Ligand code: 1CP
């Protein structure tokens, strides 16, 4: 199957966007000085919150993702509770696949499970591409979130990157080592590239739909890219992620890229086109900034020093939130200090505080609120 290029409606996106120009998140993403240090946390919406568990007691995960009122309410819960500078849309990386008609479910305690794993060229070629109309509940949910946010708070839309999505499709569900996926990638590269080519337009469309519904920023999650060597990342993944970032550029909103355990890939993930690079907790932010700026310099030797600067996002270890207020305070200060050092050394242009991966389900919500307060004092 050949895929039509995704056409963008930049004017609609601009008309839907609120005047959140001075929002701390946007200032930090651009490299301006924010009025306070912005903070949000991956998986801030979800099981750590009793108000979320109450809603989810009566409704399945995917049903919640396709019910506009519920998805706006769940998205706003952590923003209200923790005074977050950004909301992340309550959805899931498999939502565009489900919307396109792929038979999958999100199984409690496990994650996305796909009824018929995609392992052949034919299956890859026949993968449906999502249409805008199939994502209408997401568009309506976004409108509800935007109504509930203050002007200085932003909404982040997101999608899973091709490698991470492919892993669920090829394995058939969550995987520890991603061996079926990598086995296919190495043994049948033509099938792999067919699958990447089939997924890329759906990812672009899912992100474009969110941009045109008015989100203020977009994050591409390549959660499991850290399982790849840099060489394999460049050959099998980077071209598609690069295509996605390039396609979104006309919207002019910050584009964030993040993966777990990607210390060795930070430079490669930075050169495919994000404005903000998410860093997991294993690499101090100042070391991360060195890796990012040196990769950008190598990629574009003629570029100006400013062109080598990205905003850092991260990177408190989510487990620190279990260690009590004193440790949280110290560790928040350490992370902010590392980010400030990177900026002072001219290696980064801004800092958006986050965890180094998602909030763990058993985290005490009050510990999260205290961490937000601590960041705002930095
Ligand atoms: O019953 C439940 O509450 C299910 C748990 C859950 C939640 C809360 C899943 C199943 N998805 C989500 C929401 C979700 N997923 C959000 C929005 C909420 C927020 O961040 O505040 C986001 C951004 C995601 C993205 C997502 N889903 C990623 C990328 C981010 C990451 O954490 O790395 C991935 C890898 C998934 C797959 C997925 N969905 C759900 C689970 C448990 C998993 C991971 C499964 C695995 O370990 O492979």
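Glycine is treated like the rest: Cβ placed from N, Cα and C.
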Residue among 223, 229, 293, 294 sharing the substrate site, where TrEMBL lists 43, 44, 45, 46, 47, 92, 168, 357 as binders: 223
Which same-chain residues, if any, lie at least 6 apart from residue 45 (substrate binding site) yet have Cβ under 8 Å of it: 52, 74, 75, 77, 78, 87, 88, 90
Distance from residue 92 (site 'Transition state stabilizer') back to residue 43 (substrate binding site), taken between C-alpha atoms, in Å: 10
Per DSSP, three-state class assigned to residue 47 (substrate binding site): coil
Candidates 43, 357: member of the binding-site residues with the richest Cβ shell (10 Å): 357
Under 8 Å by Cβ from residue 168 (substrate binding site), counting only residues of that chain that are 6 or more apart: 93, 94, 104, 111, 112, 114, 174
Contacting binding-site residues, sequence order - 43, 45, 168 vs ligand 1, Cβ under 6 Å: 43, 45
Inter-residue Cα distance where the pair is residue 357 (substrate binding site) and residue 92 (site 'Transition state stabilizer'), in Å: 15
